[in-house]
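Quick look at what TrEMBL annotates:
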DOMAIN    A:9-61  domain 'Myb-like'
DOMAIN    A:9-61  domain 'HTH myb-type'
DOMAIN    A:62-116  domain 'HTH myb-type'
DOMAIN    A:62-112  domain 'Myb-like'
REGION    A:123-222  region 'Disordered'
COMPBIAS  A:152-171  compositional bias 'Polar residues'
COMPBIAS  A:186-195  compositional bias 'Pro residues'
Amino acid sequence: MGRSPCCEKAHTNKGAWTKEEDQRLVAYIKAHGEGCWRSLPKAAGLLRCGKSCRLRWINYLRPDLKRGNFTEEEDELIIRFHGLLGNKWSLIAGRLPGRTDNEIKNYWNTHIKRKLIARGIDPKTHRPLGVSTSAAAASSHRHDHLSARSSCSPETSTGACHSVNDDSASAPNDGGIDLNLSIGPPRQPPSPSQSPLPTRQEQAEATSGEILGHANISSDYT
DNA sequence: AACCGGGACAACCGCCAGATC
DNA sequence: CGATCTGGCGGTTGTCCCGGT
């Protein structure tokens, strides 16, 4: 049976955030910093789940967010990183300053998928369409999210549907993706020096760093 | 002018892994 | 050392908006 819910849903708001809620959240974080998300809603006077507050802050209220349209350069970077990392949106976002994983994920599903298909590239495998399992990917619609889940079968339900190593090892990259990336080092997490042991994120970053290193990446992207 | 379908995006859900007790 | 808690991630859904008919 699982875990208890992260919050008491009966007493929390859901749906779109109001301006007042945004203001409360921003004011609280400005005053106290990002702390315990679980207790934050109560402390800030918000009838929201802590996870919801975190998401709202990370994706929309953080002051360093870029927002606005993606540039062509960002498009290409996302495509290349996706070819290397698979659906590791947080890792991809970590290399695009001012962009969030959610934003990139949405952008991928709505824009880039179709762009790749138009180019004749399978957005899932980054191979030319028609070479491998292109049929499912050919339909760039909401329902191919569902079919995409087939890469995450229950038998392999580790949550890591796209193992980074598997993804790179199975080399989706040779299907027309130029791997000569020009990027800089990944963004540092807010307080990296405080944890002596690598976090999951840091380990993943390191792994991706290896991959990117193998891909002959220069570091002139800032 | 009204209706419909698709696109775009914000937000939620469930799961996982690390941290803490 | 196991159980529980918490933060984070990726997938999915809900809803609004816009263009076409």
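The first residue you see is number 1, and the count goes up from there.
Placed from the backbone N, Cα and C atoms, the Cβ positions cover glycine too.
Fair warning: this is a prediction, and the values are worked out from it, not measured in the lab.
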DSSP residue counts for the domain 'HTH myb-type' (A:9-61), split into helix, strand and coil: 34 helix, 0 strand, 19 coil
Counts by DSSP class (helix H/G/I, strand E/B, coil) across the domain 'Myb-like' (A:62-112): 32 helix, 0 strand, 19 coil
Average model confidence [pLDDT] within the domain 'Myb-like' (A:9-61): 86
